[in-house]
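Read the structure below first, then the notes.
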Amino acid sequence: MIKVFKDLKFLILITIILLNLKSINCKIIYGDSVSFERVLSPQLGKNITLPWGKDKVIHLCNPHGEESIPVLVSNNIPLGKLASNDENFLAIFGNQSFARLLAHFNCKKTEETCIRLRTDLPVFTSCLLIGSVDGFDHVTFNSSLSGVPTNMNSWNVDTVGKFSNNLTSAGRIIVKNDNNQISLGCFEEGDKNNLNYILMHPNNPIDTIDICYKSFNEESEYVLYGLVECGDTSKSSFSISGYVFFDKYYSSSRINNPPVAGQIVYIQQKNGVVYDLDGKRVNQTITDARGFYYFNNIPGGDYQVYITPSDPDTLYSPDVDSNLQDPYTNKATNGSIETYIYINGSGVVPVSKTNFDDIKLTSVYVIREMNIGILPKNISMEGLVFIDYNANGQMDTAVTNTSAQDKPYSGVRVQLLDENRVVRDVITGDDGIFSFPDVPYVSTGYIAVIYTPSGNVMTNYPFPPSPLAGEIINLEIVPNNILLVGLINNENYCQDSPLMAIICYANQGYNESHADDPVLITFPSNANKHLYNMPHGTVQHIATHKEIGSVYGVGVDRVNGDIYTSAFMKYYSGFGPSGTGAIYKSTTKNNDYQTSLYFDLNKAMNQEDYCGTDSHIYPMDNYDGGVEKVGKIAFGDLDIHNGSLYTIALATKELLRVSISDPRDFQLYNIYNPCIEEPDDWRPFALGLRHGNIIIGGVCSKESDSTNIPVGYIMEMSGNILLTVPMDFPRGCKSFGGSFCIPGEYSAWSSVYFESQPWISDLTMDGEDMIISIRDRGGDLDRDVGTYDMLRACFDGDQLILENSGICGGVPGAHLLPSGYFGTPDGINSGEYYNDNFYYPTDNDGHDNVASTSGVVIPGYHTLFGSSLDIDSVGQGTVKVWDNKNGLLLYGIGVYLQSNENPTNNFGKANGLGDMEPICYNYIK
């Protein structure tokens with residue numbers, strides 16, 4: 001049965017009639033007892049209404065009229081005294097001071113008299129106490145609901161006991177029952193001062209109890225009655241569950257409507273307090289992400305379950321399923337529902353562990369789908385546009401060293417449409433959020449129109465395939481559910497954990513004893529061990545020394561993963577078979593890489609020394625020549641952009657562009673020379689990509705005037721200088737030991753290999769900020785130590801500004817001044833943003849500058865991968881990983897380790913690694 005309250009304006013109440021049960025004794029718990037204090041007359045005339053707890057009443061009357069009038073009087077027995085200290089008896093009345101009882105008198109040989117106890121509403125769990133049944137007393141009673149007699153065999157005996165633990169035992173009460181009534185009697189003599197009692201309860205709801213009494217002995221001419229709230233925890237454990245939902249479609253059903261998550265749901269009785277069957281107070285719970293709530297392990301009866309929306313003008317679902325015809329419908333209207341819960345009651349079913357909603361319930365029975373539908377008067381909707389770097393359709397925000405962290409996409413235009421009407425028009429901010437607050441609710445719903453930026457596609461489009469790149473996207477948007485829009489273009493995309501391609505230099509000529517040494521290799525970017533300690537096959541040998549010789553620049557074609565490398569002049573490592581003008585291509589065929597000549601600038605220009613003359617000395621047994629040509633012939637860095645390969649022809653100081661699809665389509669561009677006073681000293685080498693445009697880095701080497709220190713420049717192809725990089729900052733110790741420090745300050749370019757000679761070798765963007773890798777040319781002039789620098793330049797909204805004192809863009813780095821290992825000044829104004837020190841405790845020595853000669857920021861990563869040396873051993877080629885957020889050195893991946901038995905197996909500390917690039921593929925084909 002469900003009754004709808006209509007006098008509550010703002011609360012949604014589900015009223016489930018139960019009891020306020022406060023104390024536990026074995027498997028029975030007890031609540032309020034009926035107060036008989038108003039029964040003062042020895043004779044009962046008309047009905048008397050008596051209070052039962054705070055909010056219920058019970059009516060006491062004579063069922064037989066004037067012809068048989070019972071004699072009754074209130075009897076409040078003090079608890080805890082000698083005559084009333086039995087613990088089970090005390091538990092029935094909880095922490096009350098008195099046992100509230102009614103005395104019913106009957107003289108020997110007098111006709112029996114009867115009383116009737118009647119409630120206005122059904123009572124679900126109540127216990128009837130009858131005491132002082134002795135000396136041949138005879139008591140009978142029966143019950144009914146709405147005039148229909150109860151099967152009295154359904155009543156349970158809970159306790160047969162006595163009032164006192166200290167007095168002599170009372171007589172034993174005999175119980176006899178059939179379908180129509182229960183009879184009580186006593187045929188034993190006991191201590192008249194120690195009263196006996198029996199406590200019973202019905203298993204079905206009742207509203208009337210008739211009790212009749214007759215005495216057969218003048219020594220016992222009264223019995224006592226008590227009525228108390230109670231519950232049988234072994235048979236009457238219930239749960240209430242349901243959903244709170246936004247009734248967006250006015251359907252009064254939670255199906256296809258969004259849930260209300262995080263909503264506090266309250267439960268109470270009319271007197272305001274609820275206890276579960278473990279005696280714990282229960283008053284509220286919170287809906288989960290599905291809008292689901294439940295109250296577990298409570299006794300059957302009458303409750304109120306409600307929510308209090310923050311908006312007092314909240315409207316509710318228009319229809320109510322008062323007969324529980326549809327399990328998914330709204331069960332509340334005008335603020336409340338009333339339902340009775342008991343075994344076999346309407347909607348009450350056994351708990352089923354195969355039902356997902358019942359999994360956490362410990363009760364025996366449950367009434368499910370007590371659903372509450374809310375109609376939003378004005379609704380607000382919002383969404384988030386983000387850069388989905390790995391295109392997995394999810395916004396990944398977890399910070400790890402080897403995965404992308406998706407970022408908000410600002411500047412995206414979004415419109416809100418009601419059918420064809422534009423309701424709002426907004427632009428996403430720095431947080432990527434677009435919001436439409438306080439728009440009228442419409443039953444047809446709204447559409448968010450995403451004006452996709454050029455070149456981008458949506459990665460989580462709900463109905464694949466997604467619209468083409470740059471096309472407008474229409475998406476359904478609903479309240480209380482953030483619409484996530486993942487966008488990606490090819491430039492920003494990279495699959496999870498891509499392979500990394502890197503150059504490892506081999507000794508001697510390409511056709512000499514190290515011809516088969518690997519030069520171009522790939523390894524997993526998420527490697528957690530040194531490569532030489534990883535299982536066979538983890539590192540792939542793509543091209544050998546005999547195939548490509550000495551190369552530096554590496555470029556990866558995102559379309560198919562082909563890798564391009566360009567010739568490089570390095571001491572004791574000869575050019576490949578096609579000489580100084582060669583660009584090689586390594587491609588996968590039948591799961592195997594094959595390498596061939598892709599482009600020869602010397603041949604293309606019909607001039608065999610256009611890229612410089614090979615100045616190596618062959619055979620290259622113990623000596624090599626031509627060191628003065630390092631950085632001046634062959635090629636520099638290499639990048640691929642928009643279907644073309646770019647590199648720098650060092651001999652002519654030109655930018656070379658070659659079409660990937662047709663190498664006959666190539667072009668040479670003059671590069672602006674910023675070295676006004678000594679134009680011959682201009683040494684461009686590095687390339688990068690900023691805002692979709694090629695940028696170039698180089699140094700004025702000062703080799704024409706060795707008294708000065710080189711200066712670096714970063715510029716656009718147009719010659720617009722983005723950044724000037726003075727190289728006169730302190731650099732700590734190039735090498736240090738127990739008591740020595742070899743100064744690391746930069747010098748002008750020369751043929752003196754042990755001097756540190758700055759060479760801007762790579763440009764890497766981290767968002768709007770730039771990372772400048774500075775290779776030590778001295779490490780390529782001989783087999784001696786090369787020590788590298790790495791500078792960060794932060795964009796202030798107008799220009800790039802170099803780090804200073806280890807701080808960039810207001811963010812402190814890892815090496816504030818002084819940053820040298822022994823406290824020596826190191827870096828611009830004596831501090832460095834990135835920690836590039838190395839200390840080897842075994843030998844008590846190290847270097848203050850072993851940073852990166854080539855830097856990689858995989859799209860979306862917060863880390864910088866750099867080709868470097870020495871992470872935990874001496875003479876070790878290493879890929880180091882730094883945190884771009886704070887400059888901390890996180891870890892290193894050893895690529896090679898110099899062998900004491902065979903020191904010529906690699907270049908050790910002498911610039912043994914070259915360029916490095918991730919193998920990222922295009923997402924948009």
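Glycine is no exception: its Cβ is also placed from the backbone N, Cα and C atoms.
Keep in mind it's a predicted model, so treat the numbers as computed, not measured.
Look at Swiss-Prot and you will find 1-26 tagged as signal peptide.
In the shown protein chains, 12 other C-beta atoms lie within 10 A of the C-beta of Asn47 (N-linked glycosylation site). Summarising the annotation, Swiss-Prot assigns N-linked glycosylation site to Asn47 (among others) and lists sequence analysis as the type of evidence.
For the recorded site, Asn95 (N-linked glycosylation site), the DSSP three-state label reads coil. Asn95 (N-linked glycosylation site) has a Cβ environment of 8 other Cβ atoms inside 10 Å. What Swiss-Prot records for Asn95 (among others) is N-linked glycosylation site.
Residues annotated as N-linked glycosylation site in Swiss-Prot: Asn142 (among others). When secondary structure is read from DSSP and collapsed to three states, Asn142 (N-linked glycosylation site) falls in the strand class.
Within 10 Å of the Cβ of Asn166 (N-linked glycosylation site) there are 10 other Cβ atoms, across all protein chains. According to its DSSP assignment, Asn166 (N-linked glycosylation site) is coil. Taken from Swiss-Prot, the feature N-linked glycosylation site applies to Asn166 (among others).
Residues annotated as N-linked glycosylation site in Swiss-Prot: Asn283 (among others). Neighbour list (Asn283 (N-linked glycosylation site), Cβ cut-off 8 Å, at least 6 residues apart, same chain): Tyr266, Ile267, Gln268, Val273, Val274. In the three-state DSSP reading, Asn283 (N-linked glycosylation site) counts as coil.
Marked as N-linked glycosylation site by Swiss-Prot: Asn334 (among others).
Annotation comment: Swiss-Prot describes Asn344 (among others) as N-linked glycosylation site.
The number of other CB atoms found within 10 A of the CB of Asn378 (N-linked glycosylation site), across every protein chain shown, is 12. DSSP assigns Asn378 (N-linked glycosylation site) to a strand segment in the three-state reduction. Residues annotated as N-linked glycosylation site in Swiss-Prot, with sequence analysis given as evidence: Asn378 (among others).
Look at Swiss-Prot and you will find Asn401 (among others) tagged as N-linked glycosylation site. Classification of Asn401 (N-linked glycosylation site) by DSSP places it in coil, neither helical nor stranded. Applying an 8 A CB threshold to same-chain residues 6+ apart, the list for Asn401 (N-linked glycosylation site) reads His862, Thr863, Val881, Asp883, Leu890, Tyr891.
Look at Asn511 (N-linked glycosylation site): DSSP puts it in coil. According to Swiss-Prot, the feature N-linked glycosylation site maps to Asn511 (among others), an assignment based on sequence analysis.
Annotated N-linked glycosylation site per Swiss-Prot: Asn642 (among others), in sequence order. The Cβ of Asn642 (N-linked glycosylation site) lies under 8 Å from the Cβ of no residue that sits 6+ residues away along the same chain.
The secondary structure of Asn642 (N-linked glycosylation site), as reduced to three states from DSSP, is coil rather than helix or strand. Calculated from their C-alpha atoms, the gap between Asn95 (N-linked glycosylation site) and Asn511 (N-linked glycosylation site) amounts to 100 Å. Cβ packing within 10 Å was compared across the glycosylation sites Asn142, Asn511, and the lowest neighbour count falls to Asn511. Closest to Asn511 (N-linked glycosylation site) by Cα-Cα distance, out of the glycosylation sites Asn47, Asn142, Asn166, Asn378, is Asn378.
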